[in-house]
Amino acid sequence: MQKDTSTTAPSTTSGRVRHRKRSNEVIPEVSKANGTKLLVNDKSKYKSMLIRAYSSVWMIGGFVLIIYMGHLYITAMVVVIQIFMARELFNLLRRAHEDRQLPGFRLLNWHFFFTAMLFVYGRILSQCLVNTVTSDMVLYWLVSNLIKYHMVICYSLYIAGFMWFILTLKKKMYKYQFGQYAWTHMILIVVFGQSSFTVASIFEGIFWFLLPATLIVINDIAAYIFGFFFGRTPLIKLSPKKTWEGFIGASVTTIISAFMLANIMGRSQWLTCPRKDLSTGWLHCDPGPLFKPESYPLPGCISHWFSWKEISILPIQWHSLCLGLFASIIAPFGGFFASGFKRAFKIKVCSQNLCFSNQDVSKYNPFRSGRNRLAVCFHFCRTLVIVFRDMVELPTEWIARWLWPCLHTYIISHLLCRKLSRLK
């Protein structure tokens, strides 16, 4: 009788076992309890809403307080956000093993960062600083000389950083060091290229900073509320909880809010007057043509039922519709970019002994999740404000002033990204 060995045969005949390489991307998990990713079907959505509402109140309250304090404090807020953004981006490709073999190499990143900060803000705020110290002859002489040699000082600091980098090159670490060098310059272009527009718009009038920032916050909140109650159709795979219902509802809400908020903000001199120095006193100025109300007669059928014969509308309200349209359609893609960015680099949030992946960030740390998403959205909107404002006021010069610098920045960024991908 032949012995059956088919069931006793080992499952593997070789000692070598092949393992499939896993992807570094974080795939959002489907909730086992709910069986779906949509927020409208999430059983714990009300608890999540309370957490988000609590964090939103604190964030909006702090933002309003800073706006009330004035231009200088808003600029300080932008600088603080820049530092935190740079720190997170510096740590993104950091390797602990290589850094231990390169003591002091991490300081080089911050040397380039503060050199870029001195260069950008020195050019933007130089005239405001001079106007502030005109009453003191000693400070005026000192500031005037610093501004006179500002370019030389910044260039010398950069050359010193370049020489510092060359002297720290270590055998078998060249690839990692040059990759960090390219990544540092990429961060400086992204962070300061956009933030310089923000600071410039602040001193031209808080209105140009506050309106787009408020529209982005409104769009984010409205998208969450409409998706919370009506969301049924998924919008994009990068953000599984985003729905078409939330996107459309938020777009309509943002455009209507833009028209109404422009009327409210445009009548405040504190928000529309430009700041020529670094003081914090109250502002008085003659409003520009965009902020002078114009009267429009109402149709006879409307004036027959109401006592109003005409309505007063600021010209900036019509222009704000373009900002609202941009904030509602284009800016949310900044949030999608942030979602894909976090999944591509497998970003986690660690607090004490606990670590959470990107899908748990908003649950345990809503401040960080909302801050990053809104910062990326505003990143796209603030450049449009500068271009749009100059296009309205100086329609023949905006291409020469802004289109070429933006194109030049894009080319440099693209070349640095290609170089970094090859080094990896």
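Placement of Cβ uses the backbone N, Cα and C atoms for every residue, glycine included.
According to TrEMBL, the compositional bias 'Polar residues' annotation covers 1-15.
Taken from TrEMBL, the feature region 'Disordered' applies to 1-25.
Long-range contacts of the transmembrane segment (57-86) within the same chain: residues 109, 113, 117, 121, 125, 187, 191-192, 195, 198-199, 202-203, 206, 209-210, 213, 217, 275, 278-280, 367, 370-371, 375, each at least 6 residues beyond the stretch ends and with a Cβ under 8 Å from a Cβ of the stretch. The transmembrane segment annotation in TrEMBL covers 57-86 (among others).
Among the features that TrEMBL reports, transmembrane segment is placed at 107-126 (among others).
The list of residues near the transmembrane segment (146-169) in space but at least 6 beyond its ends in sequence, with Cβ under 8 angstroms from a Cβ of it, reads 102, 104-105, 108, 111-112, 115, 118-119, 122-123, 126, 129-130, 177, 181. What TrEMBL lists as transmembrane segment is 146-169 (among others).
Taken from TrEMBL, the feature transmembrane segment applies to 181-203 (among others).
Sequence annotations record features per position, and here TrEMBL assigns transmembrane segment to 209-231 (among others).
Residues 38-40, 211, 214-215, 218-220, 222-228, 230-235, 314, 316-317, 319-321, 323-325, 327-329, 332 of the same chain sit 6 or more residues outside the transmembrane segment (243-262) yet have a Cβ under 8 Å from a Cβ within it. What TrEMBL records for 243-262 (among others) is transmembrane segment.
Taken from TrEMBL, the feature transmembrane segment applies to 316-338 (among others).
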